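Undergrad: One structure follows; several queries about it will come next.
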Amino acid sequence: MKFNQTVLKEFILVGFSAYPNVQAFLLVIFFCLYLFTLAGNLTIMGLTGVDRFLHTPMYLFLSALSFSETCYTLTIIPKMLADLLSKSRAISVTGCGLQMCFFLGLGGTNCIILTLMGYDRFLAICNPLRYPLLMTNVACAQLVASAWAGGFFVSLIETVLIFRGSFCSPNLIRHFFCHMRAVVRLTCRDSDLTEFIVTVISVSGLLGTFLLILLTYVFILSTVLRIPSAEGKQKAFSTCASHLTVVIVHFGFASIVYLKPEASGGDDTLMAVPYTVITPFLSPIIFSLRNKDMKQAFRKVVRKTDALKK
């Protein structure tokens, strides 16, 4: 039974209001992490754009992932920071729907791009002779476009399922953004079926892309183990290390929320922080620190900047 059948026009994001004593601390921490996330992703996109030696499918996929993650954080973190500063945490129903649609769409896009990056490594290591023919820059752009289309197609389905009806009081979303599980529970109709459907769609997408990545690495591992020289094996593994690390972090944190049983309890607000704030922060760091080409491109830009100053 719903508390009140009055049709709502806005929601209140409860967010971190349950932790008033640490809100100032959280504001500083999240703001710093957000700045570093933006700086890291913008650096990767900038270096990929200006250095012609990085105009390869591997780095084009990386640049596409950085752009997608930048948009992903823009849908949530600025609003979250504003709510930490303000006592009014209202968001309109339309605004909530748009935030959810973009969050789910960009999250799905990130998963698909990570899968494409695994496919790119699979072709480069398992089919090196055909790789230049199969993975051209045009093909890379088409695959990235399909990732965006696929991510937002699923997102639109989920958002329409949740927002097709009206919402009832109380209008409190027990989260710091319009998370689909938190919002669907406020619908006036019986929300159990809708929640089950959107959860199945999200979990299927999450597990599907992860299993595809896992499959590519099974083939990659079998190919690398057949390389006779230790140096060749190390070189092959080094090209996959950053991607594999990001995959483990990305899908590991996301699975904590989406595969968590309802009866297990726990604060969903705190549990969402790793995959909404920490994962986008770690991703550019992992790709940059373990990548010699990216470091070299950065040094080139620094040298050119110093030369212009003299």
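Cβ atoms are placed via backbone N, Cα and C, with glycine included.
Straight out of TrEMBL:
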- 40-249: domain 'G-protein coupled receptors family 1 profile' (DOMAIN)
- 24-47: transmembrane segment (TRANSMEM)
- 59-77: transmembrane segment (TRANSMEM)
- 97-119: transmembrane segment (TRANSMEM)
- 131-157: transmembrane segment (TRANSMEM)
- 196-224: transmembrane segment (TRANSMEM)
- 236-259: transmembrane segment (TRANSMEM)
- 271-289: transmembrane segment (TRANSMEM)
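Tell me what's around each of these sites.
TA: For the transmembrane segment (24-47), the list of distant contacts is 16, 54, 62-63, 66-67, 69-70, 73, 77, 80-81, 84-85, 277-278, 280-281, 283-285, 287-288, 294, 297-298, 301: same-chain residues at least six beyond its ends, Cβ to Cβ under 8 Å.
Residues 58, 61-62, 64-65, 68-69, 71-72, 75-76, 79, 91, 143-144, 146-148, 150-152, 154-156, 158-159, 162-163, 177-180, 183, 202, 205-206, 209-210, 212-213, 216-217, 243, 246-247, 250-251, 254 of the same chain, all 6+ positions outside the transmembrane segment (97-119), place their C-beta atoms under 8 angstroms from a C-beta of that stretch.
Within the chain, the transmembrane segment (131-157) has long-range Cβ neighbours (under 8 A, six or more residues past its boundaries) at 55-57, 60-61, 64, 68, 101-102, 104-113, 116, 120, 123-124, 201, 205.
Panel annotation: around the transmembrane segment (271-289), residues 30, 33-34, 36-37, 40-41, 43-44, 62, 65-66, 69, 72-73, 76-77, 175-177, 179, 242, 245-246, 249-250, 253-254, 256-257, 260, 295, 298 of the same chain, lying at least six beyond its termini, place a Cβ under 8 Å from a Cβ of the stretch.
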Undergrad: Where else in the chain does the transmembrane segment (236-259) make close Cβ contacts, counting only residues six or more beyond its ends and a cut-off under 8 Å?
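TA: Contacts with the transmembrane segment (236-259): 58, 107, 110-111, 114, 117-118, 121, 124-125, 199, 202-203, 206, 210, 213, 217, 220, 223-224, 227, 268, 271-272, 274-275, 278-279, 282-283, 286-287, 290-291.
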